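Quick look at what TrEMBL lists:
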COMPBIAS  1-15  compositional bias 'Basic and acidic residues'
COMPBIAS  25-35  compositional bias 'Basic and acidic residues'
COMPBIAS  36-53  compositional bias 'Acidic residues'
COMPBIAS  78-102  compositional bias 'Acidic residues'
DOMAIN    133-388  domain 'BOP1 N-terminal'
REGION    1-131  region 'Disordered'
REPEAT    395-436  repeat 'WD'
Amino acid sequence: MTKKSEGANEDQVKEPKRKIVPSKSQKEAKEVKSSEEEEDLLLDSGTDSDYDGDSLSGSLNSDDFDSEDDDDSHRETQDDEGSDEVVDSENGEEEDGSDDEGSEQREVAEESDSSEDEVAPRNTVGDVPLEWYKHEKHIGYDITGKKITKKEKQDKLDSFLATMDDSKNWRKVYDEYNDEEVELTKEESKLIRRMLKGEAPHADFDPYAPYVDWFKWDDAIHPLSSAPEPKRRFIPSKWEAKKVVKLVRAIRKGLIKFDKPEEEPNVYLLWGDDSASDQKSKHLTYIPPPKLKLPGHEESYNPSLEYIPSEEEKASYELMYEEDRPNFIPKRFTSLRSIPAYENALKESFDRCLDLYLCPRVRKKRINIDPESLKPKLPSRKDLRPYPNSCYLEYKGHTGPVTSISTELSGQWIASGSTDGSVRIWEVETGRCLKVWQFDEAVKCVAWNPLPDFPILAVAMGVDLFFLNTELGTDEEQQRIEELLRLENLPELDEAAAAIAKWLPDEKYRGIKIRHFKNLSYIDWHPRGDYLSAVMPGGETRGVVIHQLSAHSTKRLPIKMRGLPVCTLFHPNHRGIFIIATKKYVRVYNLHKNGEPIKKLETGLREISSMAIHPGGDNLVVGSKEGKMCWFDMDLSSKPYKILKNHPKDITNVGFHRSYPLFASCSEDSTAYVFHGKVYSDLNENPLIVPLEILRGHSSKGGVLDCKFHPRQPWLFTAGGDSVIKLYCH
């Protein structure tokens, strides 16, 4: 049996040290632990220079807890070194500690972890103020009722010397209640240090612990309390009503007085700004008059010498005009008493009043609107694909500007006419020139028959209109075309039609030639492929005629032409609707009712240059020679639905795609604009117009003279003044 119980006392418990011979790993662990504790204590330890000579030995500072005692670390290292000297036995077991004689056990007192709160106070005076014992020799009474005498206090010199000898003195706190000094442990000093920093006392406390919802909301189908609302919540409070009545009576009797608003002094800045004056608040439209120029150095009664003009300068002032002469000539006076009255004071005041009276000031209303908010919200161009955006192929062969192009219905061939007098047929996919016709005059316009069984090409130049056989169909189609183009028994034309046009056979190209009395500028096929309209701007009232290819006849329109015609169109869906564009207006006629006018579209343009109709037949696009393009919804109004200003120069042609929601315009600025134009079947929804792409590539010489869409693909053909035809694909 050990003798631990025999060595127990009231104040201290001693435990005999048992011999423990640590193993190598335990020894290394102890060395690492002791070195870490030593570094921690050395970093937190204070120096002797932290001592304040005027403070007592038991006083504490917040800075004292930021350091540890050097002596503490020294003592712990000595204890660790002493523990390393213990030798372990061979079997690693503990030796019996019963033999007190001859045993070399060293007793080490363990550091007590008990705090002052766990020990009962020895002073039993209770809550009696200690000031009562200030002049007494005792501090209180113990548990047996005997007086507890006070200890002798050291003077400042003795306390300073004790502090210099004992480096742990900064950890001692004087307990005034029990008249003793208490030494703080390392754990207690760490707690105080954390509390001084505003942290939690214990290091293992987590201030940001995750919130735990103890109530289960998943299965709750009823509220926490389903009690009905009490009646008092719906009845006005009687107590509040009595309180309000009491306050009202006190205010009426004058028992409760309110602070009167302070009266602002009626002062103003002599040279200040009138923008914040009372006049602005009284009158909504008040505008402060402009301020006069403040006097400078030259208006001083004693200016510098450089401001005073010489006699020569004064003489030069007399020679100037009155409006150029300076209003004030600086003078020098010795004192303020010698300054005379200003001779122009009354005149300048009168001029000032005239300026304010005869020059009224008006406040302009300015609306601050974000320019970005005015832009319409349009869909992204990526969502509107496909559309032509890059040049894929070039057709070269003409020597002059290409004035007109036309695509065949299947999209395999394209025809072009140029000012060099040649008409060419190209293969679209390869760019190969299939056939060439050479004429003596510049070609004005070419148009391909819209029927797939009749590959006939109409060419307008000068006063002549040619119907050419392209020889692209089958043998049966060629046989029908040859019969159609053979002039044998021509019908007799009336005098009016015979004076306008004359049908002649073309023996050179085995076609038909129609000679008009004026130069042609535009031709257009009917969707059925039998009728062809021809425009002669110089013909005035006879400027538009219609040729019937199957009957070999010409008809004059029963319409009184108003203005010079520019171009014509047949309605794609209604057979009898005919559209004529003059220089300023677009008129719609019904040919089945003897040319009855249906609608007149007011463009507001300076001069119309081209026109195209949507495949649906309800929307029309008109191009002008001022770079503007008008979109008309003919079912909506006779005014333009949209006016697009894109080109800086004249627009030469506009066109719609037959199947895709695309339309384009070309101009003399060598560019072609591609737009997304979707027409909805719902009449309550307006058409959607979105600009998509600007196509460049032609040289600036002549610009782009014509543009046509491919009938099946989202491709665009452009004819330029540089004698090149370009194909733009997506």
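Note: Cβ is positioned from N, Cα and C throughout, glycine not excepted.
Keep in mind that TrEMBL annotations are predicted by a computer and have not been checked by a curator.
Taking Cβ pairs closer than 8 Å, the repeat 'WD' (395-436) reaches residues 442-448, 450-452, 455, 457, 459, 461, 468, 470-472, 702, 705-713, 717, 719-727 in its own chain, all 6 or more past its ends.
Each residue in the domain 'BOP1 N-terminal' (133-388) has a pLDDT score, and their mean in this model is 84. Mapped onto DSSP classes, the repeat 'WD' (395-436) shows 0 helix, 24 strand, 18 coil.
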